[in-house]
Structures are given as C-alpha cells and as structure tokens.
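Input: a single structure, listed below in structure tokens.
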C-alpha cells in the first residue's frame, strides 16, 4: 500500500530500497547515497562492523582449516565427510563475499558500494547461507541412511556423497539466482548495511509474493521437516539399540553422544534460521507494519553467525577432525588410525 504521493505511514519505498521509517519528516535518504544515522545511532554501526570483523577472524580460519586438514589427511577424505567440507566452503563464501561488504557499509553508515554491489552481496550471502542450510539437510539424510538403514545394507559411496553435494548447490542456486533475473530482487535490509530478498514491498513486476511463498515452502518448511524427521528417527533407532544392549557401557555412551549431537545440530539449525524466517514471514503477512531497523537486522545476523557456529558444531565437536586440526597447528591431537571412517558420530552404527 502507498499513501500521500508515495509516502507510506511506516516505511518509505524508493528505487531498489525500502526504509522502515516514514518520510513525512523528510529525513529519509537513499541507503546508497547517504548515511543512515537517522535510523540507528552511529555507534551501533561501529559495533556491527566489529561484530562482522569478529565473524571473519573466527569463521574464516575454522572453515579454511577444515579444508586444509581434509586435503592433508587421507582418512578424512571419506564420503560421509564430503558434506562437512561443503559446509566449510559455504562458510568461506559468506565470510569472503558477504561479511566484507557488510563491514565496508557499516563503517561508512550506508551501502556505499551501490545497488549493483547490493545485488552481488545479496546473491553471494544467500548462496552461501543456502548451501549451508541444504548441507545440514543432506548431512541429516546421510546419517539417517547409515544409522537407521531404511534401505537395508546400503553402501554409502563417494558417488552418493558427491550427488549430495551437487544437490546442495542446485537448491542454493534455485533460491539465490531468481532475484537477479526479476523474480523478487535484492534490497538493503535492517540497518541498510547488507542485502537480502525483498520481503517488504509489492513492487510491480517483481512478483515478490510468489517468491516469498516459494522460499518458505521449499527452502524453510521442507528442510525443517526433513531435519526433524531424520534426527528424530536416528535418536529413536540408537536408543532402541542401546536398550537391547544395556550391559554395554560403550553402547550406552555412544547413545548419549549421538543424542547430544542431534540436539546440538537441530538447535544450531533453528537458531540460524527460525528468527530470520519468522521475521520475514511477519513482514510478508503485515505489509506496511511498523518495525525498527534493529528489529530487522538482528534476525539476519543470527543467520550470518552460522558461518562460525556451524563448523564448531559439525567439525570441532568431531573427534577425528578436531585431532587433525590440533596436529596441523602443532598442538598435539594425534589422530587414531582406528577411528571409524564415519567421523561424524555415525560411527555409532558399527558399535550397535
């Protein structure tokens, strides 16, 4: 809805931007040309820049080290680890192409690089985030197949793992590319320092509503269902096996570890995506509603933080990867050659 010569009561829409503030006072300016300090105190922009710098300085080394130790250690180059490497690549994409541009914008107080850079940043950040999201889905399915054995004695090979990795990139491109070609568009969001899909407007010619519905059905609700189903089934399977071998301390320990890891994985996924999806859904269903720049920014940066805590949950808590990393940086961590090839807590399947 638009009122009074294009001025909305709770927001201002311009060429390739939407500011969550009425321009009745005349203070609203394009986020590509002017500082946006009328929305948020300048110190908040500095804190945002510091936070993104922190994510780069922590997320980049962890993800890069994951790739390095995988290249150096043959025992890590197992099919079930392919998706962990893919997750690290997604994290590096977010750090290199998303966070650096956000820092530049936050330091200057507006999206200084222009609308084209906004589209590029939005695409790369969405691509990296979606590759990570679908990597978590594929990882859950792979563990479900290995532990729950829904297909019987199925041998998980490198071909299957490669297909899983390819699937994540196809799904990510199916989400990130459409706004570049006219199905929705990328706009500065929150504090106008980073860009994402247009959930905010009904701009003619972009079909934003159909894109948002597609995003929610295919790229949120479907992954949520798959992850809950697979990890729920995995926990039930492991608990049932442990109940049959109550005298085995190793089996009981494995059951507790698998349950803990599943809870952490589901929790990490929900922390990354539920705040962002919930806010986007609220905006979509309440066009023109009032919200602040900070309200919009916080959920987006929950999702961005996954570039750091995804490798912590999925890699650093993996004993085999952790030992290889410690050995690589000269802090001990001798790798046990007898460690199962699973390397992602699915080694419990051999113990049950």
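Quick reminder: no glycine exception, Cβ is built from N, Cα and C everywhere.
Heads up, TrEMBL stuff is auto-annotated, nobody curated it.
TrEMBL assigns the feature transmembrane segment to residues 82-104, out of the candidate ranges 13-35, 82-104. Recorded residues residue 195 (disulfide bond) and residue 304 (N6-(retinylidene)lysine) have their alpha carbons 12 Å apart, per Cα-Cα distance. Comparing 48-70, 82-104, 110-141, 262-284, 296-317 for CB pairs under 8 angstroms to the transmembrane segment (161-181), the maximum falls on 110-141. Between the disulfide-bonded residues 118, 195, the minimum number of other C-beta atoms within 10 Å of a residue's C-beta occurs at 118.
The stretch in closest packing with the transmembrane segment (211-241), judged by the count of Cβ pairs under 8 Å and taken from 48-70, 82-104, 110-141, 262-284, 296-317, is 262-284.
In terms of local Cβ density within 10 Å, 23 ranks first among the glycosylation sites 10, 23. A contact between the transmembrane segment (48-70) and the transmembrane segment (262-284) is absent, since fewer than 3 of their C-beta pairs, 6 or more residues apart, lie under 8 Å.
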